[in-house]
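Shown next, in structure tokens, is the structure this report addresses.
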Amino acid sequence: MAATLRRFNGFRLLKSTPALSLQQAKNLSTASSWANGNKKLIGAVGAVTGGVGTLLFALEQSVQASGTEVHPPAQPWTHKGLFSSLDHQSIRRGYEVYKQVCSACHSLQYIAYRNLIGVSHTEAEAKAEAEQIMVKDGPDDTGNFFDRPGKLSDYFPSPYPNEEAARAANNGAYPPDLSYISSARHGGEDYIFALLTGYHDAPAGVVLREGQYFNPYFAGGAISMAQVLYNEVIEYEDGTPPTQSQLAKDVATFLKWTSEPEHDDRKRLLIKVIGILGFLTAISYYIKRHKWSALKSRKIVFVPKEK
């Protein structure tokens, strides 16, 4: 027994440690109480943050549920998938719908004709579209303004010179700019499709003022925009049957693109990121196994010294 204790003492397993001083004990006690207080503070902040987040979510859901409009049903859009791109033929047809129907009242002030290149039109086609408008430019060398055909760098023209003229032409209602309308409305392209195809006769008890129409998908139900899409209201260049639902689908896809011109580029980048990260993960796993295999397979043996 004495020999065993002597051997343990030789390996410093029974080495005595000096007692803590009074100041060290106080410091240790203060540090411990500060750590406990910190934990309580972090826990309280987390609980308050979670409670506020839950309250905001509940309020948002209650406000949406108590609205006066009907929520649009979800449509099976081809670009909804994680790696799905926009239908560029539909974008081109949607541009035709906007040009022949929607541009009479709504503007696209943040979209230029050059943005159409490589998306729905070739460069020559986009240039031809731009040349169909007249743009006031200048001043020239004599200080006068002049009208010129549009260029690729020009933005889509507004149908009205200012907001007051737009309201005067629409019974006081201001037609919004459609550049980002898909992102600005709850429901996005589902809302646009439902709004354009959802006109009905006003039910009993709903009073509409002069120049208003009933649409259950619009907040309040009373909308100043008349129904503009009907079967065969325009003719498509590619011969697609211009039914009301087809027209609404195409213009909703077009407005989805105007709201997110980087949509396809973002998903293409996602595919590249996933591919690169997958390759790097495989390489990292192989290197980890190769470098750590010697350490993980080693055997540690303790051989005590004999005196």
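Glycine is treated like the rest: Cβ placed from N, Cα and C.
Automatic prediction, not curation, is the source of TrEMBL annotations.
Now, the feature entries from TrEMBL:
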- 89-185: domain 'Cytochrome c' (DOMAIN)
- Cys102, Cys105, His106, Met225: heme c binding site (BINDING)
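Feature map: annotations from TrEMBL on the structure.
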residue: Cys102; record: heme c binding site; Cβ contacts under 8 Å, 6 or more apart: Leu178, Val228, Val251
residue: Cys105; record: heme c binding site; Cβ contacts under 8 Å, 6 or more apart: Pro159, Ala166, Ala169, Asn170, Pro175, Met225
residue: His106; record: heme c binding site; Cβ contacts under 8 Å, 6 or more apart: Tyr98, Pro159, Pro175, Pro176, Asp177, Leu178
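For the domain 'Cytochrome c' (89-185), residue counts in helix, strand and coil come to 38 helix, 12 strand, 47 coil, using DSSP. Mean predicted confidence for the domain 'Cytochrome c' (89-185): the pLDDT average there is 94. Here heme c is bound by Cys102, Cys105, His106, Met225 per the record. The longest Cα to Cα distance in that group is 11 Å. Neighbouring residues of the recorded heme c site, listed in sequence order and excluding Cys102, Cys105, His106, Met225, comprise Val101, Ser103, Ala104, Pro175, Leu178, Val228 (Cβ within 8 Å of the Cβ centroid).
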